[in-house]
Structures are given as structure tokens and as C-alpha cells.
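Only one structure is covered here, and it is reproduced in the block below.
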Amino acid sequence: MPIISQSTYSGPPKHLFNGHLETIVPSIFRKIEGLQYLRERILTPDDDFLDLDWSKVGSKKLLVISHGLEGSSDRHYAKGLAKLFNQNGYDVLAWNNRSCGGEMNKAPILYHHGASYDLETVMQHVEKKGSYQEYYLVGISMGGAQTLKYIGERGVDLNSKIKKAAVYSTPCNLPSSAAMLKLEGNAFYKNRFLGKLKKKMLLKGMQYPNMVDLELLKRVKDFDTFDTHFTAKVHGFKDAKDFYQSVSADNWMAGIQIPTLIINAINDPLLGDACYPVSLAEKHEKIFLEMPKRGGHTGFLVKGQEFTWAEIRFLEFLEGKDY
């Protein structure tokens, strides 16, 4: 069954000698040159907006990229995929979750791992254009979870033009991933994510006075507190636990009906054991699980190459290599 036991990733440059360095170095220092987006803004059903960034080469095939937590279309992994797939004959659309495109969104909500409804809005908009014969969906980290949820919850009703999907560094089980941010060794990631999200929630509170407790927000130092009193409250969940369990992608992954590649590195510091859906992949004909020993979280650098191994692997898989 589709467990890819022998990954083709040989590992990063020697100076990236652990999962943390493999994660942090590309996140901060990797730059992709020579890619220009054309931005389009679309409206959502609740009178909000989403910013879509296009890079076109005149193709009938479209790659749709969903970014990670507090990321955007400008992140190195989105631009790397866009440039690589443009070079190989695909138009590319990298959409920005609400508040992630450089301007605060209007509605009294933000975004989260389960916001597949916004991906649906994007896909409906693209379909109305009538420009494409085939769609390929890819997601990184949180965007991978959104992608898996989207294709899984639609199952056999998924648009038949969506041919394949591929995700990497993806928290397939959100409770398991959330628990990793509590570890002392992961304080860097926790503080970085939490700092950015607190700033956004502060802006949202200024937009909608009395919606959130701004004094409590100032004192928040962990995700359990933030997600209980802010993420869950704003998005209609009981508390952090209810939020994590309710939106976790693995609730829907059994329903996936198209070939889907999941790449999660064994040394990813942000993924717990339940984020590696081995049992499901062993019995699921459409889910291909690849677990390289190295790679970190959204890393997968290759010495001397512009593109990461994961980006090239996505191209191989989506072009027809189902293993």
C-alpha cells in the first residue's frame, strides 16, 4: 500500500545538522528571485475579502498553493513552488488566508487550520473564470491541513478537474502538533507564532471593540490560553481542545478520493506522532505517505540547488509519479 518506505531525500547541507537548523535557516535566509505576482482581490460570502497572487505562463493547468500559519504567498516555500511549476508549464495561484496578504481583513474572524471554506471560495472563483482544464492543490504546514480537509470533506463530490494534491510538513492531527509547541525545546517557534498572532488579535480587537479581552491578550504566554480565549471564541468553538479536535484534518482524510502525497520529515520539531498517518496510508489507495528522516519543518534544502527536494518531489508526483 502507499507507504513510501525509501524516500529519495538524501539530506540537507552538512551545516544544517539537526531539525531545528533545517527549519529555521531556510525560513529566515532562503530567497527566491525572479518571480512577480499579479494580485487579485475577491469577496467572500460573508462580505470579507481574500487576496490571490497569480503567476501565469498561459497554461491550462493551475497549481493552487495554500500557505502555513502566519505565512503568505511571499514565503520562500510558496515562491519556490510557483517558480518551479511556472518553469514546467503551470499557471500558479498562491492565495492568502484572511489577514495574511498585508492588510487586516474586515470580518470579525481571522483564519485557522480548518478554514477550508476559504479554499472553497478560491476554487469557486477560479472555476468561474473557465480558464483551466486541470487543477492541482498543494499545501505547506497549516495550508497542508486545510488542503487535506478540503479534499477529504468533499470526497466523491470534489470537482473532477482537481486531479491530485500534495502537502508537506503538515499537522495531520492538530492536537498532536499543538502539544509539540508546549515543549521547552520548541519555545522559539511558540514565541514567534504567538507574538505575530497576538498582534493580529489586537488589531482585530481594535476593529471590533468588546469582541476580545485586550488586557488578557497582553498577558497570554501559551497557545492553550490564546486558542481558548481568542481563536476558539472568535471562531465559534468551546475552547482550545474543542478547536483542535474539531478542525483536525485527520477527521476527513479517509474520504480523500484523489492521489494525495503527504511528506512529513521524521525530525520535524512541530509534528507529534499522530501527524504521521501510517495506519491510514497503509490501507488507503489514494494517500501516499513519505517520511524522510531529515527535512525539519518546511526545510528539505539541497546543497547547491535553488529548489528544495520537497518542491521537486511535488512536481514529480503531480506530473504522474505515484510513488
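Glycine is no exception: its Cβ is also placed from the backbone N, Cα and C atoms.
Over in TrEMBL, the protein carries these features:
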ACT_SITE  S141  active site, charge relay system
ACT_SITE  D268  active site, charge relay system
ACT_SITE  H297  active site, charge relay system
DOMAIN    62-302  domain 'AB hydrolase-1'
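Here the features listed in TrEMBL are placed on the structure.
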residue: S141; record: active site, charge relay system; Cβ within 10 Å: 27
residue: D268; record: active site, charge relay system; Cβ within 10 Å: 29
residue: H297; record: active site, charge relay system; Cβ within 10 Å: 28
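Averaged across the domain 'AB hydrolase-1' (62-302), pLDDT for the predicted model comes to 98. DSSP assigns S141 (active site, charge relay system) to coil, not to a helix or a strand. Distance from the CA of H297 (active site, charge relay system) to the CA of S141 (active site, charge relay system) is 8 Å.
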